[in-house]
Amino acid sequence: MGNQMDKLSHLSYAEVPTVDPNGVDTEDGPRIGVSYIFSNDDDELEEGCAVDGTEKDPNQEEKQYDQRDEVECAVYNRDECIYEKSVKSASLEVYSPENLLNKCKAGDLVEFVATGQYPHWAVYVGDFQVVHLHRAEVKNSFLTDASQGRRCRIVNDLYKFKALGADMVVQNAMEQVGLKDRELSWRNSECFAAWCRFGKREFKMGGEIRIGKQPYRLKIFMSDKHSHVLEFQSLEDMVMEKRRNDHLGRTAVLQELATHFNSVEETKSDLLCPNGCGENEYNGCWSQSL
């Protein structure tokens, strides 16, 4: 109905096509990628619930947020880098909400982070307040309340788009306060906050037609020499996958990728030609041997 989409569960890496696992980006042959509909993320969790939806143990101590578990990545729209999160290119230092207030200016983007949670984004509008999309409603809250105890940082420079003027960013945010449910044009807090600052329709639901070649590439840096690339037909889809990785953390993402690569190698081994020539069915030998 309207721009509402049915929720689909996330597919594992073994279930979606990807580009070369070594990060080699060639133009030979058809390009493949990921194109599917995601469910909402940070609006699904209720206060007092763990990430898996179960009730939190009030006696269980929260894990200390570890910046070393950040997933370093870059996003390209064709050949242009439009997003980059790397310890080499940007400060990932986080602060308490009280300390961040001394650094914020109206129009800044703020990200709240905690281990095992989706990052939550907000627009600082001045007077210690932020506007953010939370639980399918755009709200105006005090920054300290919106943080819900999480660490936070200013993330103006992660996206490489040209920002609107601070007054326009604040106006964009304030004009949406009170929108909820089917009135919304964004699927998560990051897309909403980024739209307020950059004004690009691509951050909105249905902002791009998902047809044809995938113009967006999400490059996940596994090490200094190795990376893995996923392709998407829309910026919205890419943001949802990037946020899922942020939620999992670097260790879990690398484990997931390793499992995927191992399953691919096992599949290739199973398809080796019975003639013992070392070829597999993708090279045409299998059918010739029958």
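Note that Cβ sites are derived from N, Cα and C of the backbone, with glycine treated the same way.
Quick look at what TrEMBL lists:
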type	residues	note
COMPBIAS	53-68	compositional bias 'Basic and acidic residues'
DOMAIN	110-205	domain 'LRAT'
REGION	1-26	region 'Disordered'
REGION	48-68	region 'Disordered'
Using DSSP three-state counts, the residues of the domain 'LRAT' (110-205) come to 30 helix, 28 strand, 38 coil
What is the pLDDT of the domain 'LRAT' (110-205) when averaged and given as a whole number? 97
